[in-house]
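Here's the structure, in structure tokens; my notes come after.
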């Protein structure tokens with residue numbers, strides 16, 4: 001099946017800016033050495049691959065990736081996996097690190113991150129600027145957002161989705177809209193969100209994806225830069241300041257294809273990160289990584305196929321209901337309902353269940369592991385038991401999440417740190 005995507009005048013006139021500088025502090029030690037957008041997901045990808053793939057699949061070929069916090073692995077990944085675009089054809093994916101272009105400060109907020117790159121955006125001469133969050137895993141055709149923005153005559157359009165009020169409280173920007181989806185009110189991360197029309201248990205939450213007419217965006221950023229009391233944030237400052245006098249609309253998040261449920265996940269906690277990976281193991285997952293109509297692009301390492309060795313009664317190498325990536329060796333061990341990233345080795349007589357195992361992990365013999373996240377490069381000592389007794393896990397120095405997922409990192413195992 002062909003997966004060629006075609007550009008339109010709207011996408012051709014659009015420059016996308018992905019904000020990828022966040023740490024993701026609720027992921028604790030998992031982001032000690034990498035920015036959240038550089039975090040692994042789905043067996044072989046990183047979170048940044050999803051908004052980037054959405055851009056390419058939507059026909060948007062000019063993209064800037066804004067980086068700040070511990071960005072080395074993110075920059076390296078984007079350069080390796082996304083450097084094949086042809087500038088002479090108007091295609092590019094560029095890295096935009098914090099570089100104190102307009103002041104001695106680093107990026108102070110989401111709006112400031114865009115403001116400090118105005119000269120780079122202006123050089124591209126876009127009619128529209130799309131500002132995207134690099135923190136979420138989702139599949140979205142931005143062409144629909146562009147079409148709705150142009151048709152409505154909006155100055156700014158905010159992508160939104162309905163989420164439970166309890167989930168949105170303190171975590172999402174929440175908006176009020178009229179019957180035409182014009183935004184009438186906006187609060188950034190309220191503790192008591194206002195509910196959606198006709199649905200007292202749900203609210204309309206911002207996805208952190210914004211579309212602007214370029215000159216309108218520049219005008220608002222310049223005004224905000226002169227406001228000494230501003231937090232330099234789109235949700236806290238820019239949107240509340242413009243909704244009364246300008247055309248600001250909401251765009252409901254939709255699937256990239258008709259008759260399919262839209263997929264969006266906030267993987268900002270250990271539990272949500274673990275759960276989103278576990279969902280991929282379903283026979284018909286909400287996010288189908290095997291859909292050729294909407295491929296997820298990434299850096300393709302040259303690795304040998306996964307291998308499963310030994311077939312004795314007491315030592316059988318096998319994986320059931322799992323994702324096992326390139327370079328993995330399951331040597332006389334059992335893996336069930338788990339996601340194994342590249343070059344993981346599970347040695348004889350070990351059992352790994354319901355776990356997310358990041359690249360380069362080695363599980364030595366006679367280990368028992370369940371409901372765990374093993375960070376990149378961990379070497380699990382022979383005979384270690386993880387996830388069966390939370391008190392014992394904590395005594396070993398591991399972190400146990402609210403819902404009982406155990407995080408293990410190299411530092412917790414006394415190994416040299418710095419894996420990204």
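Quick reminder: no glycine exception, Cβ is built from N, Cα and C everywhere.
The alpha-D-glucose 1-phosphate site recorded in Swiss-Prot includes 107, 188, 189, 206, and the single candidate from 90, 173 that the record places there is 173. Around residue 173 (alpha-D-glucose 1-phosphate binding site), the same-chain residues six or more apart in sequence whose CB sits under 8 Å from its CB are 186, 187, 188, 189, 205, 206, 208, 235, 239, listed in sequence order.
Classification of residue 189 (alpha-D-glucose 1-phosphate binding site) by DSSP places it in coil, neither helical nor stranded. Shown in sequence order, 21, 66, 68, 98, 113, 116 are the residues of the chain, 6+ apart in sequence, with a C-beta less than 8 angstroms from the C-beta of residue 107 (alpha-D-glucose 1-phosphate binding site).
There are 16 other Cβ atoms within 10 Å of the Cβ belonging to residue 188 (alpha-D-glucose 1-phosphate binding site).
Annotation note: residue 173 (alpha-D-glucose 1-phosphate binding site) sits in a strand segment as assigned by DSSP. By neighbour count, meaning other C-beta atoms within 10 Å, the densest spot among the binding-site residues 189, 206 is 206.
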